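According to Swiss-Prot, the protein has these features:
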BINDING   Gly35, Gly36, His37, Asp55, Phe79, Asp101, Gln108  S-adenosyl-L-methionine binding site
Amino acid sequence: MMENYKHTTVLLDEAVNGLNIRPDGIYIDGTFGRGGHSRLILSQLGEQGRLLAIDRDPQAIAAAAAIDDPRFSIIHGPFSALGDYVRERELQGKIDGILLDLGVSSPQLDDPERGFSFMRDGPLDMRMDPTRGQSAAEWLRNAEEADIAWVLKTFGEERFAKRIARAIVERNRELPMTRTKELAEVVAAATPVKDKFKHPATRTFQAVRIWVNSELEEIEQALKGAVEVLAPGGRLSVISFHSLEDRLVKRFMREQSRGPQVPAGLPMTEAQLQKLGGRELRALGKLMPGEAEVAENPRARSSVLRVAERTGA
């Protein structure tokens, strides 16, 4: 079924341009999806170049079979482990660029069987990798009301989190929810004030999805791994799609660009300062999609691209 879902890659050229591709370089596409970024990277690599892709979605792994290129390989797993994948291949410090396209992809959103969207009814799943972990339905059925409320507030910034959590628990007590439509209806009924521009279940679905997939923890680990394995001058290009992701990426790049903070006037020798380490990254700025891209692909509206370069020698 997956071939029925068209995926338009957001900030395609900008994200790949941010990598400053060298024809003989080694690159990582940490979120293969349907291969938009990977194909563009491969088109800019020479015969000696290499591209390692990663994705935890089995459908993405299946889609990658269409790329018959000796310079390309793909790993089925979370991008949080990219540091491990690189070390296993003895490539640490040799990676010239890493691209991460965060969040859920259009094929995942548009396929009702994946359970990511309330727009069409489907199983209440939401897992990036349906072969691992608890589904959204299982977690909501077993979680405490206070924990559900915390997730909705923290990862969905939902102001009616407590009311919605109570309604979810009460509904599951009567008859456990198994469908996306059921969750959307429960949330809508529990929301006293409706936003005329946004479905009342939008924030709840985002929060549950982030929690079920440990998305923010995955991003943090991936960013740390990227800094560890990038070569000096290597680029990190990251696309985020909502404020929680972008704040995390922005904070990480800012902190890694600062280096250790030493109080002014603290007596330290040059050798002691060197032991503390210098800054790991140099932030190169951010880009947002233009009006033409947003008009063609409305899902690009909230996207932000941030690029940084590995420092040191």
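Cβ from N, Cα, C; glycine included.
In the three-state DSSP scheme, Gln108 (S-adenosyl-L-methionine binding site) is classed as helix. Across Gly35, Gly36, His37, Asp55, Phe79, Asp101, Gln108, which the record gives as binding S-adenosyl-L-methionine, the greatest C-alpha separation is 17 Å. DSSP assigns Gly35 (S-adenosyl-L-methionine binding site) to coil in the three-state reduction, outside any helix or strand. Ranking the binding-site residues Gly35, Gly36 by how many Cβ atoms sit within 10 Å of each one's Cβ puts Gly35 at the top.
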